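K.L.:
The structure is given below, and queries will be raised subsequently.
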Amino acid sequence: MSVQIDHLLNETRHFPPTPEFAAQSVATPELYTDAAADRLGFWANQARELLHWHKPFTKTLDWTNPPFAKWFEDGELNVAYNCLDRHVLAGNGDRVALYWEGEPGETRAITYAELTAEVKRAANVLTKLGVTAGDRVAVYLPMIPEAIVAMLAIARVGAVHSVIFGGFSPESISARIDDADAVLVITADGGYRKGKVSALKPAVDEALSSGESYVRNVLVVKRTGQDVDWNERDLWWHEELASVDAEHEAQPFAAENPLFILYTSGTTGKPKGILHTTGGYLTQAAFTHKNVFDLRPETDVYWCTADIGWITGHSYVTYGPLANGATQVLYEGTPDTPHPGRWWELIEKYKVTILYTAPTAIRTFMKLGRQIPQKFDLSSLRVLGSVGEPINPEAWMWYREVIGGNKAPVVDTWWQTETGGIMISALPGLTTTKPGAAQVPIPGVSIDVLDDDGKHVGHGNGGLLVVTEPWPGMLRGIWGDPERFKETYWDKFGNKALYFAGDGARLDEEGDIWLLGRVDDVMNVSGHRLSTAEIESSLVAHPMTAEAAVVGASDEVTGQAVVAFVIIKFSHLDDTSHADIAATLRAHVAQQIGAIARPKHIFIVKELPKTRSGKIMRRLLRDVAEGREIGDVTTLADTMVMQSISNTMK
Ligand code: WTA
């Protein structure tokens, strides 16, 4: 981390908006002044301007019982109506909502009118299957239009979706279904990834095999057409949609009605079900999508490359863009299929104007070389966004120069599953950008950097990133666990109204914010959050393993990589080679959690470095994994352990 900080300290380049861009900026400086003058009034105005309220709210925020917030509490709205019907009623039904491209190359252009019609039918199917307001529905789908239709249909009937990333294993699926007591699962036969069919329904079947869940039906989208086992509870999506009425009137729901649960890794082994509600969440998603990306819905073609299984896909594929009536690209597959220029080809083909992606993707393309994007016409791009992990200045500059033709501003956006929407970002027509910095809180959001005692660190110093005032898109809790919600985010400084994000940050001399990565045991691999504890418990669940410690080690492309140190039970060491053991354990983790959690390296060691109180010192293991000289070992119970580990690795 210190090398990275030195690097950032030396970064002094500045890129002001061009006069042409600034002159036409969607965001105006008044956003900042209005929000500073009256933060709650500002959000109330945004909520009224950006959304349709079936019943207008009169109260903006109830913060009398922190950390439990209520925004726009007495207002009523329907999220799907806001994302669909109202655009059609305003005469924009013919505007393309989705340019979908399957990995094998099929395409669909779906207008707002068509999307609305499909969501209405899907909503009727949900009602037919007995799904009512407040019920939880799990969604396990590839990046196909039906994924968005499913989310919006669930929202339309006031139910709660729990989208599970298509790469998760049956065990992870069943843990999520059980935690939320889901009554229905929406999946597909399969999806296309890297030129192959990846099966999805079999994973759901396995997840439900114990027969102990509340799931009554599994609704299956036919995507790939491969054979699937069929159970009594299974129904084909297309048959059900054809069997119901085409009309469906969206009913209003209270602004604090739950919208979704999304599971994310924390510092313990059990993923947390982050709960979001409707009115505040949609306000922030729409506001940030409009102002951070300088959106002009009539002319822009927007593309966010995130999967809907992550929060970025929720807020900036489904809700923000559709609430704003934007036209967007939705791509099913991987960036390098069937050729390494696929993304750039799509940008050329659809004349994409706004691209939102992750540093890990940018670094992968950097490694492949600029000659690949340079084969395509990327001149339509006018705003570039980054999200998911700190972006190093080199990647930021490459993104700006090679992809943005040295003219498109890059906005680095910091936020989390928990924050619901973007919290820190430049606004491209207003802010002079700095390579590698997220820079400034968005209007209406209050951020500070504090030391361990809760004191402001002052310019030029690093500390812990904190949100100091409630914000509309904030998580409303952890599903079923209010105590964990309080402990995890609101207990750090003894002030129940300060939100601790788990990230380190530095304020530069001008007061701009630079993100420095997680300060807890959460890793960030290719922009995906993984918990050291979760992978450790998976490793020790294998019969060969006696003990395991996992660290996130710096990685040039993925930001961090999962590295595990494992003690193997004596009886297994005789007849199996270390390489075979490591391969077995890597496969085991992939099978238990999902391929994204598979350790890059597994080192078989005899001991692990522990303090006298028995806590594993991951800091030292990180030193080893990153090839650094090993730091201070004086608090170790046995100071020779590190010597023995280093020897193992030679
Ligand atoms: C990290 C993704 C630096 C951070 C939207 C945060 C970032 C975690 C940035 C949340 C950024 C996200 N710069 N770090 N621009 N954006 N992060 O919940 O550590 O998947 O706490 O949400 O990603 O990850 P999550």
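Backbone N, Cα and C atoms are what each Cβ position is placed from, and that goes for glycine too.
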K.L.:
Which of these, Arg382, Arg400, Arg529, does TrEMBL say binds ATP at the same site as Gly388, Glu389, Pro390, Asp412, Thr413, Trp414, Trp415, Gln416, Thr417, Asp503, Arg518?
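P.N.:
Of Arg382, Arg400, Arg529, Arg529 joins Gly388, Glu389, Pro390, Asp412, Thr413, Trp414, Trp415, Gln416, Thr417, Asp503, Arg518 in the ATP site that TrEMBL records.
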K.L.:
For the domain 'AMP-binding enzyme C-terminal' (534-615), what is the mean per-residue pLDDT, to the nearest integer?
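P.N.:
Over the domain 'AMP-binding enzyme C-terminal' (534-615), the predicted model scores a mean pLDDT of 91.
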K.L.:
Near ligand 1, which of the binding-site residues Thr312, Pro390, Trp415, Thr417, His542 have CB less than 6 Å from any of its atoms?
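P.N.:
Checked binding-site residues vs ligand 1; flagged Thr312, Pro390, Trp415, Thr417.
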K.L.:
In the domain 'AMP-binding enzyme C-terminal' (534-615), how many residues does DSSP put in helix, strand and coil?
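P.N.:
The breakdown for the domain 'AMP-binding enzyme C-terminal' (534-615) reads 29 helix, 28 strand, 25 coil.
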K.L.:
Given a separation of at least six residues and a C-beta threshold under 8 Å, show me what packs close to His542 (Mg(2+) binding site) in the same chain.
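P.N.:
Looking at Cβ-Cβ distances below 8 Å from His542 (Mg(2+) binding site), excluding near sequence neighbours, one finds Thr584, Leu585, His588.
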K.L.:
Widest Cα span across the ATP binders Gly388, Glu389, Pro390, Asp412, Thr413, Trp414, Trp415, Gln416, Thr417, Asp503, Arg518, Arg529, in Å?
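P.N.:
Across Gly388, Glu389, Pro390, Asp412, Thr413, Trp414, Trp415, Gln416, Thr417, Asp503, Arg518, Arg529, the two farthest Cα atoms sit 18 Å apart.
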K.L.:
Using Cβ atoms only, which residues of the same chain lie under 8 Å from Gly195 (CoA binding site) while being at least 6 residues apart in sequence?
P.N.:
Glu103, Thr337, Pro338
K.L.:
Could you round the CA separation between Gly388 (ATP binding site) and Arg193 (CoA binding site) to a whole angstrom and send it over?
P.N.:
22
